[in-house]
Amino acid sequence: MSVVAVTIFVAAYVLIASDRVNKTMVALTGAAAVVVLPVITSHDIFYSHDTGIDWDVIFLLVGMMIIVGVLRQTGVFEYTAIWAAKRARGSPLRIMILLVLVSALASALLDNVTTVLLIAPVTLLVCDRLNINTTSFLMAEVFASNIGGAATLVGDPPNIIVASRAGLTFNDFMLHLTPLVVIVLIALIAVLPRLFGSITVEADRIADVMALDEGEAIRDRGLLVKCGAVLVLVFAAFVAHPVLHIQPSLVALLGAGMLIVVSGLTRSEYLSSVEWDTLLFFAGLFIMVGALVKTGVVNDLARAATQLTGGNIVATAFLILGVSAPISGIIDNIPYVATMTPLVAELVAVMGGQPSTDTPWWALALGADFGGNLTAIGASANVVMLGIARRAGAPISFWEFTRKGAVVTAVSIALAAIYLWLRYFVLLH
């Protein structure tokens, strides 16, 4: 059955990577195939932690999507972008830096796709007022979103998958990855002038930007206060997980439920933000990966990787980091991480007696998150941004994105390698 499981998975992966077929349909078709043949049973799918659907991931995404959907109704994201542009006093470079920081922070608290969807429209507005090219700003923002998303458990879907499989908490991500993300963001800001060159703007255009009223962006102040209160409670519960022992997925669902009750929005308004295609895609993917786990394919790969690295935790971590970045750049990092987590879990189990056994998990998360910047299809946020740019009449080619993204990815992965080496293999010994 292992040959059947591998054949179905590889075929589905190729179709997903081609971006020519609906990826949700492919994932669900592949899932149906491994069930019908049958490689995996319904009990494995719904109840097994190792081979089934990861319900923690699904419900965390549902909860956060609803929370973000309600928050979107307030106009707070548009307010923040306009505020940043005015504080920069019309300077293109300063505007870019502030929007990069806003994008990174928003991605850490929400997710990078949502951040791009919310920040990009205002970026287009500001660039139109300044009469400057939007492509540089949009690319800088999506780079920052993918980097910032690495900082927290909820910032990027790959992190959610890693956390669920490895048993890592919101605090673990804050403690281990946020310091590196800050360093990488500083490096990104430092290379922005070299990446995009000098951008000039006329004085009267600056006056137009300064005339924008960010206060008008807020559409519902009462709802904004309610959202703020619920978000404080949600993130407090994330941070208090070691004490409360409440799963992040349950916290997100409770927060979403509270906002549904207090917001007064209709069902269509708060459910419209739930990306059902994404959730079904995850479910299908988990089932196909579960088939690989059940048939022993993942176990065999883990043992082969252990032999390649001699079972050394340092070599294993750097192998995962080095492989994850380019692969995540070629294909979407979500299916890649869903495939790799059982493999890394097996590797960690084999090397359980060594110190710093969480390091391969951090290497996987960083490689996937930062590698998403490599090409235009490396992360879902990139695809969304390209669509926005195309509709705005400023299309970005695959290779234009890749030339810039390759530089950002190389710098990010180099800093990640140094960080992992120093923090987990030098300073701890």
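Yeah, the Cβs are placed from backbone N, Cα and C, and that goes for glycine too.
Within the chain, the transmembrane segment (26-46) has long-range Cβ neighbours (under 8 A, six or more residues past its boundaries) at 1, 4-5, 8-9, 11-12, 15-16, 52-53, 280-285, 287-288, 290-291, 294-295. Among the features that Swiss-Prot reports, transmembrane segment is placed at 26-46 (among others), with the record citing sequence analysis.
Away from its own ends, the transmembrane segment (51-71) comes close to residues 40, 44-45, 77, 110-111, 114, 154, 157, 160-161, 164-165, 223, 227, 230-231, 234, 247-256, 259-260, 263, 265, 269-275, 278-279, 282-283, 286-287, 290-291, 293-294 of its chain (Cβ-Cβ under 8 Å, at least six residues beyond either end). Positions annotated as transmembrane segment by Swiss-Prot: 51-71 (among others).
The transmembrane segment annotation in Swiss-Prot covers 99-119 (among others), and the record cites sequence analysis as its basis.
Within the same chain, residues 60, 64, 95-96, 99-101, 103-112, 115-116, 119-120, 123, 126-127, 163, 168-170, 172-174, 177-178, 180-182, 184-185, 188, 192, 195-196, 199, 238, 248, 252, 365-366, 369-370, 372-373, 379, 381-382, 385, 388-389, 394, 396, 400-401, 404-405, 408, 412 sit at least 6 positions outside the transmembrane segment (135-155) and bring their C-beta atoms closer than 8 Å to a C-beta of that stretch. Per Swiss-Prot, the feature transmembrane segment maps to 135-155 (among others); the stated evidence is sequence analysis.
For the transmembrane segment (173-193), the residues of the chain that approach it from at least six positions outside its boundaries are 93, 96-97, 100-101, 104, 108, 140, 143-144, 147-148, 150-153, 155, 159, 163, 239, 358, 362, 365-366, 370, 407-408, 411-412, 415-416, 419, judged by C-beta separation under 8 angstroms. Residues or ranges marked as transmembrane segment by Swiss-Prot on the basis of sequence analysis: 173-193 (among others).
Residues annotated as transmembrane segment in Swiss-Prot, with sequence analysis given as evidence: 223-243 (among others).
Residues or ranges marked as transmembrane segment in Swiss-Prot: 278-298 (among others).
Feature annotation from Swiss-Prot assigns transmembrane segment to 311-331 (among others).
Same-chain residues lying 6 or more positions outside the transmembrane segment (361-381) and placing a CB less than 8 Å from one of its CB atoms are 17, 19, 112-113, 115-116, 142-143, 145-147, 149-150, 156-159, 162, 166, 168, 173, 176-177, 180, 184, 317-318, 320-334, 336-337, 340-341, 344, 348, 396, 398, 401-402, 405-406, 408-409, 412-413, 416, 420, 424. The transmembrane segment annotation in Swiss-Prot covers 361-381 (among others).
The transmembrane segment annotation in Swiss-Prot covers 407-427 (among others) and rests on sequence analysis.
Through the fold, the transmembrane segment (278-298) approaches residues 1-2, 5-6, 8-9, 12, 23-24, 26-31, 34-35, 39-40, 44-45, 48, 50-54, 57-58, 61-62, 157, 334-335, 338-339, 342-343, 346 of its own chain, all at least 6 residues removed from its boundaries and within a Cβ separation under 8 Å.
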